[in-house]
Each structure stands twice: as structure tokens, then as C-alpha cells.
Amino acid sequence: MSSQYLRIFQQPRSAILLILGFASGLPLALTSGTLQAWMTVENIDLKTIGFFSLVGQAYVFKFLWSPLMDRYTPPFFGRRRGWLLATQILLLVAIAAMGFLEPGTQLRWMAALAVVIAFCSASQDIVFDAWKTDVLPAEERGAGAAISVLGYRLGMLVSGGLALWLADKWLGWQGMYWLMAALLIPCIIATLLAPEPTDTIPVPKTLEQAVVAPLRDFFGRNNAWLILLLIVLYKLGDAFAMSLTTTFLIRGVGFDAGEVGVVNKTLGLLATIVGALYGGILMQRLSLFRALLIFGILQGASNAGYWLLSITDKHLYSMGAAVFFENLCGGMGTSAFVALLMTLCNKSFSATQFALLSALSAVGRVYVGPVAGWFVEAHGWSTFYLFSVAAAVPGLILLLVCRQTLEYTRVNDNFISRTAYPAGYAFAMWTLAAGVSLLAVWLLLLTMDALDLTHFSFLPALLEVGVLVALSGVVLGGLLDYLALRKTHLT
């Protein structure tokens, strides 16, 4: 058994998996934590830094164009490698261009480039996930996933901790971004050497097959809206704690960028890897629900470490302990959360549904930034991190509400169709669609504003209305799900 498990590690495509995983993880920090550190050092105000987290909306909305990348094939290197190559070349150019800018004087251009990087990175993730699924046989997907996750974490480590250290000690911020762009060259070579899948699912022939059928299947379940809320809320406390961690450690506590890079980025990512692996081991002994509950409690409680940092004297070991424990528990929660997403996918529509669910899981990480910046300025760091502990509670309560259907799906490997409240669900769906449309318009206008093509003063209000309308639709659907579940008796 062990030799069969290790066989994939001896094959040439394991190196390609590792390098492409690295390419997938590299851009994320360059538009989030590392960029946040650069703006902090350049004395950009806290609200602007928090607002910059919105550039990651591509990770939230990637499900909108994921069917198109499945439907259409580029004229070079095939359906999977063609899209991989295109996104990687665009990433290289955009990241290199970021190195020519200064946050203090060219903030709008920097925002526009960050949006482009996030869009190309999210698109690369879509295709890489599909390529892995197509290339790896079923018995090798576990080991293949481990290799790609290792590459992903290494990419985050390089663009996070190592990048901060290089920027602080050797290259400066602009030179560091040029180096990060150059690191994509081996990834492009790996894409050229990668095999194009030969035994793939047939390409969708119609828009209905590519887009509508997977969504109809998911929203036809009796717990679909509660699941949407659970996915958004389960890691909300973790998202709050992590949204301004770099700024907190540099500006709030007083550590320099090099110390934060070594401890928060490097030690933190290593702790996340250990937590994910240990969580996977524990999940062999626990049911999915129990793992989600225990790990969710731990990841919420671990945010108290940052609260202690905010009320005690500055000490490097205290920062190390808080960062390690929070990321360890966060990694355990992530392992259970990924298992939840896999359980929720119908195998007939796994690509589009996984893109939808994983995109929703990024909602907290993207949208808490502006709220977090406002909260800290209004109430201070200590109150903010206490609030991040409390923010984990709604997700745990919702998990308890969903327990019955989660256990049913895990045991029976199928889903229960919805039969009650059809008119109410239709209204909830239209409300959600209206909110998402408003957010899409807001993102388009924000990009035009960043390029100095237009200037709209109503953009903050449009964002608030879009979020409020979308959340209203999800909350209404969740309430209808709760009422329907009370009528359902599962065996």
C-alpha cells in the first residue's frame, strides 16, 4: 500500500504539480499581506489599506467565468495548458509592472494592477484545479493534492515572509516585485512541459450545460442557502483576525517589517501546513461534523492571542506564540473546511460547483478589510481582536443547525431535493442575483475610476447597497431553509 501511495512522488509530473502549485500560491500575498506591508511602511492611512483588500474580489467571483474556461479552448497548447500559459504570462507582466509604481503617488494605478493580478491568479487557480482533476487518476489524487498544496504554501511563503525580508534588507519593495515576477518563468516552463489531459469530460456544448445545470442542481437542495451562509461565516472570525495582522504587528505593536516577515509570514505558514496535516490525521477518527465543530472552536479561540499582544508589552516570543497558535488552529479548520466543500459537490458538476463554493469561502477574507479598518480606528486593536473571537460564533451556531443534513449527505452520498416554499426561494434567488449584479457594476466602475477614466462619488454607497441586497437574499433563503428543515425527518 505504501509503495502504491509513493508511486506518484517518483513520476516526472510530481515536479510539475509542485511548480504549478507554487505558481498558484505566489500571487496571493503580492496583492494582500505583502502589498499591505508596503503601504504601511509608506504611511498610507489605515482605511485605505483595509479598502485595498477588496482587490481580491476576483477570488469571490471566479465562479462566474469558470464555466467559460471550461467551454472555450485557446488556439494554442490545448484547453488546460493554453489557459494556464495565458494567465501566467499576464501575471508575470502585471507583477513586474507593479514594481514600477510607488504607493504614495500612484495608488490608483497600483489598485488597478492589483485587480488584474488577482483576476489572473483566480483564473489560474480555476484551470490548475481542473488540470489536476483531469490528469491524476483517482488513486493518485490524494498524493497529488498534497504535492500541489505543498507548492502552493511554498509560493505563499516566498511571496510573503521571504519577500518582506528581501524588501526590508536587500532589494527594496520595487526590486522585490521584479524578482517575484521572474520566479514565474520556471512556472511557465513547467506549463509547457506539462501533459495536456487526454481523457477529459466532454466540453459543454451549450450555455445551459456549462452554467445553468450546476447551479440548478445546487440551489435545488433543501439546505443550499444555509450552506451558503455556513461557508461565508465558518471562517469569518479567522478572516477578521488575519485581515490587518501585518499592519497590527508593524504599526500597532511596533515590530519592523523584517521581524514580521520571519515570524508572521514564515512561521505562520509553517504552522498552517502543520495544522492542515494534523487536522487531516484527526479527521480519520472524527466525523465531518465533529471535526468542523472542534476545529471551528479552536480557530475562533486562537484569535485571543492577538488580543493578548495588543494589551501586553512588545516581545518577539509572544508574537511567535500568538502567530503559531492562530495559524495552527486555522490550518486545522481549513482541512475540515476543504473536506466540507468536497462533500457538498455533486460529482457530475464538481468543477463549477467547487469554484462556486471556494469563491464564496473568500467572501470573508475580501470584504472584512474595509470594516476591519473602520473598526480599529473607532475602537482600537484590543476590542477588534476580542470582536474577532465573537465573530466565529455565528458560524458555529449555523453548523449546529446544518448538522442533520450534513450527516445525511456524508452517510448517503446524495442530497435532498427542495419541495417547500418555491415562491419564497425564487424571490431569494432574484434578490441575490440583483446584489451580485450591483457588486459587479461597482467593481467595473471602481476599475474605471482607478484608471482615471471616470470619477464616481457614489461608489462607496453602491458597494454598501450591493452587499446589503446580496446578503438579504442569502439570509431570506437561509430562513426558508431553516423552516423547511424543521418539517424534514431524515433517517
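Glycine is no exception: its Cβ is also placed from the backbone N, Cα and C atoms.
Here Swiss-Prot flags 1-11 (among others) as topological domain 'Cytoplasmic', drawing on a curator's inference. The average pLDDT computed over the topological domain 'Cytoplasmic' (1-11) stands at 50.
The annotation topological domain 'Periplasmic' is assigned in Swiss-Prot to 33-47 (among others) on the grounds of experimental evidence.
The topological domain 'Cytoplasmic' feature in Swiss-Prot is assigned to 62-81 (among others); the stated evidence is experimental evidence. Nonlocal intrachain contacts for the topological domain 'Cytoplasmic' (62-81), taken as residues 6+ away from its ends with a CB within less than 8 angstroms of a stretch CB, comprise 122-123, 125-127, 130-131, 134, 191-192, 194, 196-197, 200, 203-204, 210-211, 214, 351-352, 355-356, 358-359, 440.
What Swiss-Prot records for 125-221 (among others) is topological domain 'Cytoplasmic', and it gives experimental evidence as the kind of evidence.
Feature annotation from Swiss-Prot assigns topological domain 'Periplasmic' to 241-264 (among others).
Remote same-chain partners of the topological domain 'Periplasmic' (304-327), defined as residues 6 or more beyond its termini with a Cβ less than 8 Å from a stretch Cβ, comprise 241, 245, 248-249, 252-255, 259, 263-264, 267-269, 271-272, 275, 380-382, 385-386, 388-389. Here Swiss-Prot flags 304-327 (among others) as topological domain 'Periplasmic'.
Sorting each residue of the topological domain 'Cytoplasmic' (347-421) by its DSSP state yields 61 helix, 1 strand, 13 coil. Marked as topological domain 'Cytoplasmic' by Swiss-Prot: 347-421 (among others).
Long-range contacts of the topological domain 'Periplasmic' (454-457) within the same chain: residues 445, 448, each at least 6 residues beyond the stretch ends and with a Cβ under 8 Å from a Cβ of the stretch. If you look up Swiss-Prot, you'll see 454-457 (among others) marked as topological domain 'Periplasmic', on the strength of experimental evidence.
What Swiss-Prot records for 486-491 (among others) is topological domain 'Cytoplasmic'.
Positions annotated as transmembrane segment by Swiss-Prot: 12-32 (among others). When Cβ-Cβ distances below 8 Å are used as the criterion, the transmembrane segment (12-32) is approached by residues 53, 55-56, 84, 88, 91, 95, 98, 114, 117-118, 120-121, 124-125, 128, 131-132, 135, 144, 147-156, 158-160, 163, 177, 180, 183-184, 186-187, 190-191, 193-195, 265 of the same chain, each at least six residues removed from its ends.
If one looks beyond the transmembrane segment (48-61) by at least 6 residues along the same chain, the residues whose Cβ comes under 8 Å of a Cβ in the stretch are 31-32, 35-36, 39-40, 107, 111, 114-115, 117-119, 121-123, 125, 243-244, 247, 359-360, 362-363, 365-374, 436, 439-440, 443, 446. As annotated by Swiss-Prot, transmembrane segment applies to 48-61 (among others), with the evidence given as a curator's inference.
The transmembrane segment annotation in Swiss-Prot covers 82-105 (among others). With a threshold of 8 Å between CB atoms, the same-chain residues lying at least 6 positions outside the transmembrane segment (82-105) that come near it are 20, 23, 27, 30, 38-39, 42-44, 69, 73-76, 113-114, 116-117, 120-121, 123-124, 127-128, 131, 173-178, 180-182, 184-185, 187-188, 191-192, 194.
Per Swiss-Prot, transmembrane segment is recorded for 107-124 (among others), and the stated evidence type is a curator's inference.
For 222-240 (among others), the entry in Swiss-Prot reads transmembrane segment.
What Swiss-Prot records for 265-284 (among others) is transmembrane segment. Within its own chain, the transmembrane segment (265-284) has Cβ neighbours under 8 Å at 29, 33, 149-150, 153, 156-157, 160-164, 291, 295, 320, 323-336, 339, counting only residues six or more beyond its boundaries.
What Swiss-Prot records for 288-303 (among others) is transmembrane segment.
The stretch in 107-124, 222-240, 328-346, 422-453, 458-485 that contributes the largest number of Cβ pairs under 8 Å to the transmembrane segment (288-303) is 328-346.
According to DSSP, the secondary structure content of the topological domain 'Periplasmic' (454-457) in residues is 0 helix, 0 strand, 4 coil. Long-range contacts of the topological domain 'Periplasmic' (33-47) within the same chain, counting only residues at least 6 positions beyond its ends with a Cβ under 8 Å from a Cβ of the stretch, are 53, 102-104, 107, 110, 114, 159-160, 163-164, 167, 173, 244-247, 250-251, 257, 260-261, 265, 370, 373-374, 376-377. Under 8 Å from some Cβ of the topological domain 'Periplasmic' (241-264) lie the Cβ atoms of residues 33, 36-37, 40-41, 46, 49-50, 53, 160-165, 167-169, 303, 306, 309-310, 314, 316, 319-320, 323, 326, 330, 365, 368-369, 372-373, 376, 381, 384-385, 388, all in the same chain and six or more residues away from its ends.
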